[in-house]
Amino acid sequence: MCGTLGVVKVAVIVVAAGSGTRLAAGAPKAFVPLAGSTILEHALHSVAGMRDEPHVIVVAPAELVDDARGMLSRVIGRGEVVAGGATRQASVAAGLALVGDADIVLVHDAARALTPSALFDRVVDAVAASGAGAIPGLPVSDTIKRTADGGAIVETVDRSELSAVQTPQGFPAAELIAAYASAARDVTDDAQLMADAGHPVAVVEGDPLAFKVTTLWDLRRAEELLRPASATRIGVGTDTHAFAQADAPLWLACLEWPGERGLAGHSDGDPVAHAIVDALLAAAGVGDIGTVFGTSDPRFAGAHGEVFLAEARRLVEHAGWRIENVSVQLIGNRPRFAPRKAEAEARVSGLLGAPVAITATTTDGLGFTGRGEGVAAIATALIAR
Ligand code: CTP
Ligand code: MG
């Protein structure tokens, strides 16, 4: 039909008029909350993501037609809503009355809230290519038994010839409308009516995400799949200070080191604190030590590391993050760090409210640290939402 018509017009009917008795969530199923919106809105997002712009028809419970209209206009911004019937079949029939001049109709259960848009496109393509019905299906992985009343096994069904079918189910519009007009029995999917009317329907590859939310367990699974992966960020920072010429005190890792030669700097020259500040600010994407603590700002002249760390922590938390941990390495010949390592870690961890590990190393006599001209520090910070 693609070849003769050029542009294929597609209508998508989203049936959302069921009551959701098995879910029993206190509202008609399509209007039950799911990850911050509703099952119906999730389904409509899938339709919105289709490659082509179909005509969209939502079939809703009569008392929720206005609610559904609001959701449709928010998510897709076009389309129409109609009241459904007592059975799924009656609801589809109500939607079919509005397909207009569509060439292909897709019927989709709102309850299959997580169906990928690509599955809609795949079904459209299959119908357009074959001119016949196409429905998504997946192989059945459980062994299936046919049982009698009371549970006695009658036979094991050969599962290799079974398909668990899903929606959207796609058909040539005229054939589906005619099949509905001449329907002689109640069915649970549209492919059955098409088969009854003598039309071939093929199964195309389905998608596990097109599972139907039927029970509370399914709803939990959908919530779980929609939960955002926990966000984490890392940042790195370094700082270097030369030993001071004059007789200045040494401040390192927010501790004073009596008897050790001090470091030069606008503030107290604490490279451990400054490297951590840069790592934290970088992780949160809120600037760096130069932009946040300008050297012209008198509040920071001669300030100790704790002032910088407290402000960096505040900025990180203000941006919605919490500090997970920090790792710092101090590079230099002096001071001998090991004797006060535990004290330094406890001090900085306390200031940041997160575990901080501080290690120290020398550079085997190489470079400015090896020559004893100054010390450097490298910090890595991990933050999370
Ligand atoms: N549906 C419909 N009109 C009906 C019955 C069902 O539009 N009278 C829709 C449902 O809203 C759902 C889809 O058909 O999106 C599949 O039906 P099902 O999963 O059975 O949903 P419910 O009938 O709502 O659930 P239950 O059978 O547990 O009551
Ligand atoms: Mg039902």
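Placed from the backbone N, Cα and C atoms, the Cβ positions cover glycine too.
Just so you know, TrEMBL annotations are computer predictions that nobody has curated.
Pulled from TrEMBL, these are the features on record:
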BINDING   D239, H241, H274  divalent metal cation binding site
DOMAIN    233-383  domain '2-C-methyl-D-erythritol 2,4-cyclodiphosphate synthase'
REGION    1-232  region '2-C-methyl-D-erythritol 4-phosphate cytidylyltransferase'
REGION    233-385  region '2-C-methyl-D-erythritol 2,4-cyclodiphosphate synthase'
SIGNAL    1-24  signal peptide
SITE      R22  site 'Transition state stabilizer'
SITE      K29  site 'Transition state stabilizer'
SITE      R159  site 'Positions MEP for the nucleophilic attack'
SITE      K212  site 'Positions MEP for the nucleophilic attack'
SITE      H266  site 'Transition state stabilizer'
SITE      T362  site 'Transition state stabilizer'
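Of the candidate recorded sites, K29, R159, K212, H266, the one lying closest to H274 (divalent metal cation binding site) when CA atoms are compared is H266. Among the recorded positions K29, H266, H274, the ones whose Cβ sits under 6 Å from an atom of ligand 1 are, in sequence order, K29. Shown are the recorded positions R22, K29, R159, K212, H241; the one with the most C-beta atoms within 10 angstroms of its own C-beta is K29. For R159 (site 'Positions MEP for the nucleophilic attack'), the nearest of the recorded positions by C-alpha distance turns out to be K212; the candidates were K29, K212, D239, H241, H266. Following the DSSP three-state reduction, the secondary structure of K212 (site 'Positions MEP for the nucleophilic attack') is coil.
Compute the center of the Cβ atoms of D239, H241, H274, which mark the site for divalent metal cation; besides them, the chain residues with Cβ within 8 Å of that center are T240, L263, G265, G269, D270, P271, V272, A273, A275, A376, A377. If you take the Cα of R22 (site 'Transition state stabilizer') and the Cα of T362 (site 'Transition state stabilizer'), they are about 68 angstrom apart, rounded to a whole number.
Sequence-distant contacts (6 or more apart, same chain, Cβ under 8 Å) of D239 (divalent metal cation binding site) comprise P271, V272, H274, A275, D278, I289, A376, A377. According to DSSP, K29 (site 'Transition state stabilizer') is assigned to a helical segment.
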